[in-house]
Amino acid sequence: MISSYSSSDPTTQIFQGTKNQIIQENPAMDSPQTRKPGLNLPTGMSETSLRLESFSGSFRAISNLSSPSKSSTCSDRFIPCRSSSRLHTFGLNDKASPVKEGGNEAYARLLKSELFGSDFGSFSPAGGGGGVPSPLSPSKNMLRFKTDHSAPNSPYSPSILRNDSGFSNESLTPPKPPRKVPKTPHKVLDAPSLQDDFYLNLVDWSSQNVLAVGLGTCVYLWSASNSKVTKLCDLGPNDGVCSVQWTKEGSYLSIGTNLGRVQVWDGTQCKRVRTMGGHQTRTGVLAWNSRILASGSRDRNILQHDLRVSNDCISKLVGHKSEVCGLKWSNDDRELASGGNDNQLLVWNQHSQQPALRLTEHTAAVKAIAWSPHQSGLLVSGGGTADRCIRFWNTTNGHQLNSIDTGSQVCNLAWSKNVNEIVSTHGYSQNQIMVWKYPSMGKVATLTGHSMRVLYLAMSPDGQTIVTGAGDETLRFWNVFPSVKTHTPVKDTGLWSLGRTQIR
């Protein structure tokens, strides 16, 4: 067999020495009956099937084993092939391995597919019954590297990437990250004597970028453009400020007083234009539309005033059984929503002095009211401590569309005109500010910083910044909404420092 190689070949000499040594150390094999010239080979292997091949000074033995049924080529190394070894026929474990708490089965399937290939995911789990499963329907083995077809496919599975899956390419697009809202105010103003009274409305921001704040018996104007503070008026020791509200043009400011009067001031000239009566006690809420000023009072009445006529009021709306603390005109000026301490939300129109809708689902005072600037007839309201819910209404038919329990007293609501989002301020017990995505009502941001109930809320004319006030005698400015054009997070304009200043 080895005659084809020269005896001078060092490789051949080593092999022959090894052969002779094996024969000498095994004399029992050298019997007349079994002894054959050459090497002692296993049954079924002939000397002609063994040859040596020299590669760069090394040798490799190759043998051809023949069997009655099948011939195959073997080498000195055995590399198992899982796909042909039929490990699944052993049925080592019929039960699925327990998944650890918090385990990611999708990741496990992906890892197994990458390590062992897709061949091991082609078998379906074996059906019920005992015995050894057939190779065509094997049971799960101990390592459980086969794909579990009963479970939902991994989002990273190769089958999803192919066209035979039921998923479109759009499903592979990662979700858009939520918009980032700064968690801290970019401006804080000290507001001494800012009252901690749920039923008052002491802060409003004009379309000319001037903030009006009622502090005790005085009203102060703060210009957001240059941070200039102006004292507008002082009602004297016998009266007090209960509410402030700018006209839509931002030129005139109405002031509700503790004695039940309504004063109108020219904000530019700092001059009082008119004083109107009609209420028996404090006027805690005001609301302007294009021509009419509505005022709500503790006397449970709503008065409508028109500056073009000499009379103090042109109509009186009676429907609440307790103090009126919330008033908002719809964007088309056709409907007026009012909330009261009687837990009622009423909707009025121009054709009757009786409420068109009487909504009684709230179980606490309704101060927070806002109309959607994006959809006609969509109204949102919030209840006090015993209710804590934000409710959405279709004022066309009076149906409640949705209700969200916020977990704390709802003090104010404002609808962004730039995006379809809502901001709410809260009192007991968390004193937080929350931004919501409508209509999903997913939380965009939760802002904290006030140490007392966030009773006051106003929005800047560009719709990007809100100001909040609380009984902790501070006003805090927050960038919460994007601009109309860019829809990107709002950045500090640089006009306001991060320092803390006083409003008076």
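For all residues, glycine too, the Cβ spot is worked out from N, Cα and C.
Per TrEMBL, region 'Disordered' is recorded for 23-45, 127-186. As annotated by TrEMBL, compositional bias 'Basic residues' applies to 177-186. The domain 'CDC20/Fizzy WD40' annotation in TrEMBL covers 189-478. The repeat 'WD' annotation in TrEMBL covers 317-358, 359-403, 447-480.
The list of residues near the repeat 'WD' (447-480) in space but at least 6 beyond its ends in sequence, with Cβ under 8 angstroms from a Cβ of it, reads 181-198, 200-209, 211, 213, 224, 250, 409, 411-414, 416-418, 423, 425-428, 430-435, 489-492, 496, 503. Long-range neighbours of the repeat 'WD' (359-403) within the same chain, counting only residues 6 or more positions beyond its ends whose Cβ lies under 8 Å from a Cβ of the stretch, are 198-199, 322, 325-332, 335, 337-347, 409-417, 420, 422, 424-425, 427-428, 436, 438-439, 441. Summarising model confidence by region, the domain 'CDC20/Fizzy WD40' (189-478) averages a pLDDT of 96.
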